[in-house]
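Here is what TrEMBL records for this protein:
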- 8-323: domain 'Cobalamin-independent methionine synthase MetE N-terminal' (DOMAIN)
- LYS23, LYS124, ASN129, ARG530, CYS531, TRP576, GLU620: 5-methyltetrahydropteroyltri-L-glutamate binding site (BINDING)
- 441-763: domain 'Cobalamin-independent methionine synthase MetE C-terminal/archaeal' (DOMAIN)
- ILE446, GLY447, SER448, GLU499, ASP614: L-homocysteine binding site (BINDING)
- ILE446, GLY447, SER448, GLU499, ASP614: L-methionine binding site (BINDING)
- HIS656, GLU680, CYS741: Zn(2+) 1 binding site (BINDING)
- CYS658: Zn(2+) 2 binding site (BINDING)
- HIS709: active site, proton donor (ACT_SITE)
Amino acid sequence: MALNMTVSHILGYPRIGGNRQLKHATEAYWKGDIQRSDLEQVGRELRRDNWQIQREAGLDLVTVGDFAFYDQVLNTSLLLGAVPHRFAAEDEVTRGEVDLDTAFRMARGRAPSGESAAACEMTKYFDTNYHYLVPELHAGQRFRLASTRLFSEVEEALAEGHAVKVVLTGPLSWLWLGKERAGETLDRLSLLDGVLDVYAEVLQRLAALGVEWVQLDEPALALDLPGNWKAAYERAYFRLRAAPVKLLLAVYFGGLGDNLSLALGLPVDGLHVDAVRAPQEVDSLVDRLLPHKVLSVGAIDGRNIWRTDLVEVRERLAAAAQRLGERLWIAPSCSLLHVPVDLESETELDAELKSWLAFARQKLDETVTLARLVSGRVTAEDERLLAASSQAQASRRASQRIHQQQVAERLAGLSEADSQRDSDYIQRAEIQRRVLGLPLFPTTTIGSFPQTTEIRAARRQHKAGTLSDDDYQARMKAEIAEAVRIQEQLGIDMLVHGEAERNDMVEYFGEQLDGYAFTRFGWVQSYGSRCVKPPILYGDVSRPRAMTVAWSAYAQSLTGAPMKGMLTGPVTMLQWAFVRDDQPRSVTCRQIALALRDEVCDLEQAGIRAIQIDEPALREGLPLRRSEWSHYLEWAVEAFRLSASGVTDATQIHTHMCYSEFNDIIDSIAALDADVITIETSRSNMELLDAFGDFDYPNEIGPGVYDIHSPNIPDVDWMVALMEKAAERISLERLWVNPDCGLKTRHWDEVTPALANMVEAARQLRRRHA
Ligand SMILES: Nc1nc2c(c(=O)[nH]1)N[C@@H](CNc1ccc(C(=O)N[C@@H](CCC(=O)N[C@@H](CCC(=O)N[C@@H](CCC(=O)O)C(=O)O)C(=O)O)C(=O)O)cc1)CN2
Ligand SMILES: [Zn+2]
């Protein structure tokens, strides 16, 4: 094997800290408990620690620019001066230093200083569960360098003596992720030249600081791009080639596909590709790479937590190493932002399972070792890691705990009838109308009520063993009883128990299903200071016992109104977990569906007449490339139907979706055949319903009339007007009145008046349409 020096680096590291220090500090700052300088200090410490960790792991470059107090796409917007006028006076931007509180107001609508304003929109970053702040664009927009944070961070890192590579969201992906202002049409590419002026200036300044490499993230190159966007890539990168730094163009979350030639032809100094999602492209990239360029191969999975099979990857990369020599770089596939920080914190995870895993910190070691393996400069430590890797693969393959005979048999015995309700919606609806006795414009909510500090503290004490099982149960029951009382008092028609007992809608079920493991500190940033702890789906899934029946039955016992059971659907259970990579996701999804199906049937048996199966991640699971959509949608829809179809016609199945553009998958949403769908629409002003109306969505819909992401109390007239808009498109007997999503992040003093207004709106609608 060649004796070369193979550069190892990462695209980014989790910024939240091993103990979620960033969350605690930012939330304390927002509450006024700590000073701005304290928050900045926490930021500096996190950056310093993360760089130190990278260097100690042996990476050749440390990555600067991946830190953000809220979001890295927002940081790029600040750098470019893309700050809407409602957040800052012109001179704050022209001064070249946007205030941190301005950034927080853009992100959340308010901050310790400055006037509150409607926050920027937030949406999912490609196919991840990470949310970024959508850049607001408008015709004729001017851009100017408006933040110097990046340069100070570079100076911090250089002062620590690190070899620095800077990362920035690339100009075209930034524009791609942006959105024109409501009601405006805009050719986003018309803004490109202005944007590039600022990038050119930024690159100049970085060069002046002594930075050699700048990584420009262009994940948009993993998408189906329109022709004019492809052309714009050439225009942009030919323009940036003049910069006195080396550019590494980073593409991840998928293969280059039909953008491969385009990417290879761009005048940059290096290309990073995702060799986990598109290993098949590496050879042709190696064949065609121009001789002065480096190829950074993303061979360690940045989206999942399985330990890399180093032997296998070394073999796969042997030819590339031979041919490229020092021009081969090794990295994780994407930023490690998407995985938990450190496996070593998981002292309660059993040793076997733990040996199969690698979190961000462990992936650094894997990256460094792999780089040394491919270049043939192996240390004793590398040998140890290589052996451990092989052992982990062998132990996983042979493990008794992954495969369950009964699960396989049950899957094999499924027939088409299992994912089919007994009758069509029209007949079911008639029966359900009789059984449920609901008024026109029935009101309901999406499931969760505020997760108060008291609830979370009780759960923490329960987990720590200082609150007994009985006492914890009693506390949660009291919360449920209170939620029922409040809903009855408000006059809501279909009630929910409020989900007080759930830490998270996915983790809660993961904790109770066989085949899932869960961590104690496996936090991953979801948005801003909010994190999730995705469970680890390592084996065949089955349900040892009922999961929600006791809570729902208790809630139903308190009221004569119908109590809606509440479950997380199979696709979302899959999508928001770290999923096994040893069988197709479709098979795993079907296993989850069967476990949920049993829960649905048990809820029905316990007298629950309506059951909601949430699928907020259905849209997010859609592959980035259109050519793969139909296959995904087929198995995703089938899994949902399998979970829902074990009940009689009289049981009303609800589903809920949020966070998404649904227009292009409306047929599949209809194919779920849920009796009722509640869906996020209020922010888009019911635009979404155009799709449902045109298509003539056949079942019932609750278009969310209350934006739960905002602390504002929606007024009655506003909600009536939204529903009237909906009524123009959907027949009255198929409309429900409900919020956009669950209320867990809100406070009761926001929720009660908002729901009172919502109920009043429904009453007015009934009068108007009597
Ligand atoms: N998995 C998932 N993905 C999703 C969503 C979702 O709901 N779940 N929704 C969207 C994203 N929205 C989100 C909305 C809220 C939070 C959120 O509030 N997260 C909480 C953690 C929620 C949680 O697991 N809470 C635990 C408590 C964990 C905790 O912090 N405990 C503290 C103590 C807390 C206390 O005493 O107050 C500790 O152990 O130190 C519980 O309730 O049991 C946070 O960051 O703070 C996350 C995502 C899309 N993706
Ligand atoms: Zn939702």
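Cβ atoms here come from the backbone N, Cα and C positions, even for glycine.
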Practice item. Take the C-alpha atoms of TRP576 (5-methyltetrahydropteroyltri-L-glutamate binding site) and ILE446 (L-homocysteine binding site) and report the distance between them in angstrom, rounded. Key: 19
Practice item. Whole-number Å only: compute the distance from the Cα of GLU499 (L-homocysteine binding site) to the Cα of CYS741 (Zn(2+) 1 binding site). Key: 13
**Study point:** binding-site residues near GLY447 (L-homocysteine binding site), in sequence order, restricted to ASN129, ARG530, CYS531, GLU680, CYS741 and a 10 Å Cα cut-off
**Key:** CYS741
**Study point:** By Cα-Cα distance, the member of recorded positions SER448, CYS658, HIS709 nearest GLU680 (Zn(2+) 1 binding site)
**Key:** CYS658
**Study point:** Residues satisfying Cβ distance under 8 Å from ASP614 (L-homocysteine binding site), sequence separation of at least 6
**Key:** ILE446, GLY447, MET505, MET566, LEU567, THR568, GLY569, THR572, THR655, HIS656, MET657
Point to revise | For 5-methyltetrahydropteroyltri-L-glutamate, whose listed binding residues are LYS23, LYS124, ASN129, ARG530, CYS531, TRP576, GLU620, the greatest C-alpha pairwise distance in Å | key: 25
Exercise for review: List, in sequence order, those recorded positions among ASN129, SER448, GLU620, CYS658, HIS709 whose Cα sits within 10 Å of the Cα of CYS741 (Zn(2+) 1 binding site).
Suggested key: SER448, CYS658, HIS709
Practice item. Translate the DSSP assignment of LYS23 (5-methyltetrahydropteroyltri-L-glutamate binding site) into the three-state scheme. Key: helix
Practice item. Determine which residues of the same chain, besides ILE446, GLY447, SER448, GLU499, ASP614, have their CB within 8 A of the center of the CB atoms at the recorded L-methionine site, and list them by sequence. Key: THR445, VAL496, MET505, MET566, GLN612, HIS656, CYS741, GLY742, LYS744
Check your understanding: Of all the recorded positions given, namely SER448, CYS658, HIS709, which is spatially nearest to GLU620 (5-methyltetrahydropteroyltri-L-glutamate binding site) at the Cα level?
Key -> CYS658
Practice item. To the nearest whole angstrom, state the Cα distance for the pair LYS23 (5-methyltetrahydropteroyltri-L-glutamate binding site) and CYS658 (Zn(2+) 2 binding site). Key: 24
Review point. Taking the center of the Cβ atoms of HIS656, GLU680, CYS741 at the recorded Zn(2+) 1 site, which other residues in this chain have a Cβ no more than 8 Å from that point?
Key: ILE446, PRO616, MET657, CYS658, TYR659, THR678, ILE679, GLY704, ILE708, PRO739, ASP740, GLY742
Check your understanding: Largest pairwise Cα distance, Å, within the listed L-methionine binders ILE446, GLY447, SER448, GLU499, ASP614?
Key -> 13
Review point. What is the one among the binding-site residues GLU499, GLU620, GLU680 whose Cβ has the most other Cβ atoms less than or equal to 10 Å away?
Key: GLU499
Practice item. Check the binding-site residues ASN129, GLU620, HIS656 for any whose Cβ is under 6 angstroms from an atom of ligand 1, and report them in sequence order. Key: ASN129
